[in-house]
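These notes concern the structure reproduced below.
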Amino acid sequence: MSIITDVYAREVLDSRGNPTLEVEVYTESGAFGRGMVPSGASTGEHEAVELRDGDKSRYGGLGTQKAVDNVNNVIAEAIIGYDVRDQQAIDRAMIALDGTPNKGKLGANAILGVSIAVARAAADYLEVPLYSYLGGFNTKVLPTPMMNIINGGSHSDAPIAFQEFMIMPVGAPTFKEALRWGAEVFHALKKILKERGLETAVGDEGGFAPKFEGTEDGVETILKAIEAAGYEAGENGIMIGFDCASSEFYDAERKVYDYSKFEGEGGAVRTAAEQIDYLEELVNKYPIITIEDGMDENDWDGWKALTERLGGRVQLVGDDFFVTNTDYLARGIKEEAANSILIKVNQIGTLTETFEAIEMAKEAGYTAVVSHRSGETEDSTIADIAVATNAGQIKTGSLSRTDRIAKYNQLLRIEDQLGEVAQYKGIKSFYNLKK
């Protein structure tokens, strides 16, 4: 009765109005699962391939009909007849069917849509929540949210090189309270921006994109918003994080970090050593607990030097650096580069490989941060993954836009369902830092 009888994909739109895939999986029993696939703006060069049509006459070349056809005509034929509960076998079958190291034949977007839909159909068949199906009886940790309240870089038109300025309510007692703290700071920030005559339009991930005078102006304004909302900045309250997305402004030919790409003529040009010095300066000055992609994705020497300098004090997250890939993560662990991995399901393409990356990170003492993409949908699977794996941290945007709020609302439901079992670890989620 749990045998897959039908698999169907269609083209839908993501939060940026670009095409993406939605996949449905059906079983003999009538159990059903649906998965929707996100898409990134700043992407690592080593990510699994997101298959696009390239037909400029349709969606500017971003159509996904090829990936849809691959699901309906190739993948469906291969997995119909499988037991929907056999996630690993199905994921491995799709990987083998593709046959390329980066899922470039069928498309990681095609494969991921099926992988998510299969898991949801299995949970539906067993009549259990998705997080419980994926994580088992030990599922209990609600993630500390990284809330991206200011967007820069490739996520907005704001003249700031760093892509995200985030707040983390590490001192909150529960996830529900953490969400409230974040929302109140977000609204306080909006008021401050209006008073300064700055724009309050939001970027791709729901954060504001004002024309600040620079990075420090952005941080100082966030600190004022934290205070205005009635909270304190620091380990007992709310801490700050960056996604530098350094690969977006790294000049490989000159081997420099060229901030002028986003900040104009006044933007600094820094060597790797100067980039590390600058990040350390910010950490010394402000209550910063996490920095994502502080160095270029191919600057391994820079990453090792940054980790040696700041790795005991700050969570150093590899996103473009690791691309949710166990091969790159294994090298990072061996070379002591970074101390955390960002987990994006569409960077690798299956739930099986996603869970393997999280497990490898934890075994090495690295933290794992489950993350959305800038092009999202109403699919809230990453919320369930964060809880199922007890990852301890989630990054899913600001406190606006339904595509972001859908994940937060799902986490509220899960916290309610878990009841007294639920744990919110806050500052303890950063378990590999020296306090």
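Cβ coordinates come from backbone N, Cα and C, glycine included.
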Out of Asp319, Asp320, Asp327, Swiss-Prot lists as part of the Mg(2+) site with Asp243, Glu292 the residue Asp319
Where Swiss-Prot shows Lys344, Arg373, Ser374, Lys395 binding (2R)-2-phosphoglycerate, which of Gln87, Gln88, Gln163 is named for the same site?
Gln163
How big is the gap, in Å, between the Cα of Gln163 ((2R)-2-phosphoglycerate binding site) and that of Asp243 (Mg(2+) binding site), rounded to a whole number?
6
For Gln163 ((2R)-2-phosphoglycerate binding site), the three-state DSSP class is coil
Going along the chain, which residues six or more apart from Lys344 (active site, proton acceptor) have their CB under 8 A from its CB?
Pro38, Gly40, Asp319, Val323, Thr324, Ser371, His372, Arg373
For Ser374 ((2R)-2-phosphoglycerate binding site) and Glu292 (Mg(2+) binding site), what Cα-Cα distance in Å is obtained after rounding to a whole number?
15
When you measure from the Cβ of Gln163 ((2R)-2-phosphoglycerate binding site), how many other Cβ atoms are you left with inside 10 Å?
32
Pairwise Cα distance for Glu292 (Mg(2+) binding site)/Lys395 ((2R)-2-phosphoglycerate binding site) [Å, integer]:
11
